[in-house]
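Inspection log for the structure reproduced underneath, given as structure tokens.
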Amino acid sequence: MASFFLSSLVLFLAALILVPQGLAQYHLNPVYEPPVNGPPVNKPPQKETPVHKPPQKETPVHKPPQKEPPRHKPPQKEPPRHKPPHKKSHLHVTKPSYGKHPTEEHNIHF
């Protein structure tokens with residue numbers, strides 16, 4: 001009988017330690033605790049007003065014009081061209097145009 005009493009006492013003490021609220025507040029009505037945070041309020045999203053920023057212009061940098069250095073190119077020698085001498089004929093006869101009578105200067109049929 002002593003072992004039963006001892007085991008029930010250990011069980012009762014273990015229940016008191018393990019249950020965080022304990023048995024004293026079991027029969028009491030729950031106490032109202034207000035919420036830490038307020039109720040959610042539906043607010044329309046606030047749009048930030050656009051800030052007008054003028055475009056930033058880069059300051060012009062003055063660079064003096066740079067001339068390219070002269071390039072040395074060797075002179076190109078063209079091979080000599082051998083053309084036969086052009087012989088002009090003494091009688092230069094031109095053909096009359098089609099459908100026209102030859103003028104007296106070009107008429108060689110006297």
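Cβ coordinates come from backbone N, Cα and C, glycine included.
Record features, source Swiss-Prot:
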COMPBIAS  32-43  compositional bias 'Pro residues'
COMPBIAS  45-81  compositional bias 'Basic and acidic residues'
COMPBIAS  82-93  compositional bias 'Basic residues'
COMPBIAS  101-110  compositional bias 'Basic and acidic residues'
REGION    31-110  region 'Disordered'
REGION    34-88  region '11 X 5 AA approximate tandem repeats of P-P-[VQRH]-[NKH]-[GKE]'
REPEAT    34-38  repeat '1'
REPEAT    39-43  repeat '2'
REPEAT    44-48  repeat '3'
REPEAT    49-53  repeat '4'
REPEAT    54-58  repeat '5'
REPEAT    59-63  repeat '6'
REPEAT    64-68  repeat '7'
REPEAT    69-73  repeat '8'
REPEAT    74-78  repeat '9'
REPEAT    79-83  repeat '10'
REPEAT    84-88  repeat '11'
SIGNAL    1-24  signal peptide
Checklist entry - With DSSP helix as H/G/I and strand as E/B, how many residues of the repeat '3' (44-48) fall in helix, strand and coil? => result 0 helix, 0 strand, 5 coil
Item to check | Residue distribution over DSSP helix, strand and coil in the repeat '1' (34-38) | outcome: 0 helix, 0 strand, 5 coil
Item to check | Distant-in-sequence neighbours of the compositional bias 'Pro residues' (32-43), which means Cβ under 8 A and at least six residues beyond its ends | outcome: none
Checklist entry - Which residues of the same chain, at least 6 past either end of the repeat '9' (74-78), have a Cβ under 8 Å from a Cβ in it? => result none
